[in-house]
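> Here's a structure for you.
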Amino acid sequence: MQPMRRRHRGFPLLCLSAALLVAAALLPGTAVAEGVTPSEARRLRDEVKDMFYHAFDGYMKYAFPLDELRPLSCQGEDSLGGYALTLIDSLDTLALLGDKEKFGAAVEWVGKNVRFDINKTVSVFETNIRILGGLLSAHLIASDYATGMRIQSYDDQLLHLAADLAQRLLPAFDTPTGIPFGSVNLKYGVDENESKITSTAGGGTLTLEFGILSRLTNNTVFERVTKNSVRGIWSRRSKLNLVGAHINVFTGEWTQKDAGIGTSIDSFYEYLLKAYLLFGDEEYLYIFQEAYKAAMHYLHHDPWYVEVNMNSGATVWPLFNSLQAFWPGLQVLAGDVDPAIRTHAAFFSVWKKYGFTPEGFNLATSTVQNGQRSYPLRPELIESTYWLFKATRDYRYIDIGRDILASLQYGARCPCGYCHISDVETHKQDDHMESFFLAETVKYLWLLFDLAAGPDNIVENGPYKYIFSTEGHLLPVTPEIALVDEHCSYFGAFCNGGADHGYGTSASSTHQKANYTQFNDIQASSSLYSVSNMFTTRGYLKGVCPGLTHAQKLGISYSDEESNVIEQTSESHEHHSESAVESRVEAQSSNIILISHPVASQHDEVLESKSGSGDHVDIVVTADSDSMSHDNAGGSLGANTEEPTEDTTRTSKQTEDEEIAPNFQSKEDIS
């Protein structure tokens, strides 16, 4: 794909204080949005609360302790590991709603009854984001008086369960690249026939949960294996700074070279930025900056995003897939609000057209993509709606929330819960309700309306600021987790010295501030940045030490050849003990020091601006020899890579007749 001519839209680098203020500082106060009365916002919020309890009570009555509810037939099914998945995934939503009685009872039951010493082969990705994340979030709420949800009898049972579970996931990381297998048996480790192919999201969406666990248990192995996995993926990026969708965890070879922001890749980008915001680890920020620049350069066709060949940049799939809808919310966190507004409007136009977003929408034909007609109650569009309302307080996002709520109530409500929509055109219901409906979809809707009503919850009014995991779990930015005062010692010796190396040294900074709106201690901006000063950090971030290259400070080169040297002579895979895994991790680890400011390359110069969603570009779709064909959902994290795994494949007010669609032209029928 030849990149369209447009101006790159950047974001101001979020300094360390941003991590402590990110949830509340975009706009202060609790003023009700224009045109929305407090009573109406409260009514909508209460309707969402009723929606939650209709589904949660249906699960507890008809499915518990099985993993998930079948809401049409009012039965249960085990879909992940057979350990009350929906209950664990819902714990922090109960806490958010202030239901101390049910939260306490659920925490007590999980602590007494859930065990992971079972002969079950599970997805590493799904188990991490749903189970490990759910346990850690609930632990941090239940153990802290400051949250208002402290359970008197609680004695860290969920933390012990989380540590045991993570230990059972560790064998998956015993690979030459450091990128984990997609699946692991909780009792016996990695099966000898386990597929060596995993998704980029599968290897790159582990840092938040494992990093928190390291800090809570004082066991660094969890954080180190996940950082090594991110490095293993990033070191194999293309010369365009793009990553593909699927990779061989032994050879590091990309087996699917389609680059995008949706299927099989989405949360890789998400966790880069959020790991920086939560932990203050500037290595993640550096990688995110480079990855974001490349995505905006090669994938962005304002207001849409396409999939391209990671090596050539040629468009291979002019598709909107529903998982892309998280991106505007991530852009809000990054401070790049203008393109987020336009992209969100485009994505919502698809919802308005069908009443739901299909898994795939063909931009070339403006029709639902064959084989991708379902809506499995995904939260991503609602998540971005919440963040955009939080950033702008624009009433259109409450209107959008109303529309989404009405669609769910009219089309998805079932006798015992809420159903998948198997076809967005016919609205036919499917007898399935993913646990993420209660962990994310309902949660973001409730937060949206509660924010308009005048927020009264631990996220907005509690003692901490929170980062949301990709499963919507609440992860607090506490001193214990963020290690705010330990950055120099944490990253290494190059931060020794005087004020020249410290936070706020601005004499030599070339960072240009433009059109900032300042809110307390964080600066958010929707202004334009030239690439040359978009990521200039010297003197702007704490602990940036001049005079060293990025590779020198991190002790790594991010190059394919050098990153593979250690493991080229690895033995063929066999089951190892925890100590063997840890020793391999030690061998892969580098001495992390600090980052320097990246230098923008010549080809990233400012391009001609292309404003508004009404200006479109013709894209010629070509088949690239390096690109592999898509299956329905873009691959799997499990042993069978032909079978898609749900979450890694997961996935302004518009007038009724408005369409936001570019004139994509296809040389071949991709529908």
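Every residue gets a Cβ built from N, Cα and C, even glycine.
Automated prediction, rather than curation, is the source of TrEMBL annotations.
What TrEMBL lists as active site, proton donor is Glu126, Glu359. TrEMBL lists Asp266, Glu380 with the feature active site. Annotation source TrEMBL lists compositional bias 'Basic and acidic residues' at 570-581. Marked as signal peptide by TrEMBL: 1-33.
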> Considering Cα atoms only, can you say which of Glu126, Glu359, Glu380 is the nearest neighbour of Asp266 (active site) among these active-site residues?
Glu380
> In angstrom units, rounded to an integer, how far apart are the Cα atoms of Glu126 (active site, proton donor) and Glu380 (active site)?
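Computed Cα spacing between Glu126 (active site, proton donor) and Glu380 (active site) is 16 Å.
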> Whole-number Å only: compute the distance from the Cα of Glu359 (active site, proton donor) to the Cα of Glu380 (active site).
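Between the Cα atoms of Glu359 (active site, proton donor) and Glu380 (active site), the distance comes to 12 Å.
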> By a 10 A CB contact count over all chains shown, which of the active-site residues listed here is most packed: Glu126, Asp266, Glu380?
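When each Cβ's neighbours within 10 Å are tallied, Asp266 leads.
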